[in-house]
Each structure stands twice: as structure tokens, then as C-alpha cells.
Amino acid sequence: MACLRMQSCFFFILTLCFWASNCVEFNDIFEPSWATDHVMYEGELLKLKLDNVSGAGFASKATYLFGKTGAQIKLVPGDSAGTVTAFYMSSEGTLHDEFDFEFLGNASGEPYIVQTNIYSNGTGNREQRIYLWFDPTADFHTYSFLWNHNQVVFFVDSVPIRVFPNNERLGVPYPKKQPMKVSSSIWNADNWATQGGRLKINWSHSPFISTYKSFDIDANESGVNAESGGVNENGSKWWDMPSYSKLSPLQRRMLRWVHRNYIIYDYCNDSTRFTTSPPECAGLRF
């Protein structure tokens, strides 16, 4: 297991830094997963392009089990209706685990919607949607996952927007055994993404570009035996320390602020889809 941390260390050929001082090229850590010609390197930036030919995506070569992963992203500006940019972690197979940020494109002037979802042992249908409280096309913002044995936390910058606690005691599968890749993509989802599919992509505005400036991976790399990197003086990983087992009081206040002001859909409250509330929703209060 290895603990990798890639800071904002992008040089002329898009170079990333590890926890230590050594730097590596982007292609040493990630690789295009489809449409290589739509994955573009421009100085210190990486860009994914969607046009009427194809979208694009990339994924990490390694898989990770627990830790924190994140990326600084600037989303598609202007009329992005029908497009989806995703940043996510996922394992493979029908019984896979997955954590999703999906940024749903919009008509110019409308707020961006972020849809999050969690799959555990192949079961998803746990969508939440929020409005962002800033313009995510004007500058870079950090979107990240914290993942340990106790909880999965979705962060926008330093603000937690969602928590998925370990509820195995309630019979809810929890993602704890399947290492996952770190991935991102942009694609045509105009059959559902914007106003339920009523707004389609206006291809005269293409190409649609999502831009990335840095990545941060501080996590267990599957299959690697590391003596350092994330290990504290007691020999345990930092993400298993008690301070990360639940949100701090400040983080709980921030999460309540998001849910009171910006959440627009929560599967836990959807009695049309779920005649019986999913078990993990019981008593979920912040």
C-alpha cells in the first residue's frame, strides 16, 4: 500500500508531485480511458473536450482503498445544457463500489447542480442534488472524497456536502473491500441531465471544455507495500485516526448549512421512488 499525494506541481509538460519531492508526469499516474484525442494538455492545465463526435475521460492506473482523493476543476462555462462532467471513484464489476460527483450542465445564467451518488456492493440509487453557492466556471474549486472504515464524506473545497456513514449494523453494505480508481469524464447526457432532458445540447456552442489544474491523492494504493506515507507514529493510517471517524462540530454546522440552503433533491425524502425509506436514511440527522 502506498500513500500518494500529488500537489499543484504542474510544469510545462503537466507534471505532478508526490508526497515527497519527486515529481512525475501526468501519464505516470493517469491515462486516458477513452477518446485520447479529446484529452488535451495545455501548459499547466489538463482539459477534457466534448463535441458532437465524442466526450472524453481519464482514470488512474492504480487503485486505492481508503484515504482522500481530490481534484481542482473549472467546469464548462456558458450554455452547458445537456453535458455532464463527472469526478468519481469506482471499482469494477456488477457488485462494484462507486462515489460520484456529477456536475449537470445548464442554460447560461442558471446555477450549476451537483448530483452525488454512492454505490456499495452494486447498489446505488442514492442520489442527492445541490446548487453550488458560487460560479464553478469562473475559477478552480476542489472536489474531494474522504473515505475510511467509518464514513465517506464528499467535500466542495473544505465544506462537507454529504456524508455516508457505515451502517452495516442496519444491514446496509459499506464500501470497504474493493479498491477503486480515480476517474473523470465529460459526456453527452442530454436525455436526462438538464431539466429532466427537456434542454438538449446546443452543438453550435461546442466544444465544451472541463479544465483541471491539480490532483491530490493521499490514500492506500492497492497492491503496494509502503513503509511510510500516511502512517502515524502508532503504525496506523491517518484516515483511521479517531478525529476522522466522524465530522467535527464545525463540519456538522457546515453540512447543515448546505442542506438547509442548497439541497434540492434527497433520495431519502422521495416517497414516490421508495415506498419504504432506505434503511441508511433512518435517523440521519446533522
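Keep in mind that glycine also has a Cβ here, set from the backbone N, Cα and C atoms.
Some features that TrEMBL has for this protein:
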{"type": "ACT_SITE", "residues": "Glu98", "note": "active site, nucleophile"}
{"type": "ACT_SITE", "residues": "Glu102", "note": "active site, proton donor"}
{"type": "DOMAIN", "residues": "17-212", "note": "domain 'GH16'"}
{"type": "CARBOHYD", "residues": "Asn106", "note": "N-linked glycosylation site"}
{"type": "SIGNAL", "residues": "1-23", "note": "signal peptide"}
C-alpha spacing of Asn106 (N-linked glycosylation site) relative to Glu98 (active site, nucleophile), in angstrom:
25
Cβ-Cβ neighbours of the residue listed as 'active site, nucleophile' (radius 10 Å):
18
Which has the fewest other Cβ atoms within 10 Å: Glu102, Asn106, the recorded positions listed?
Glu102
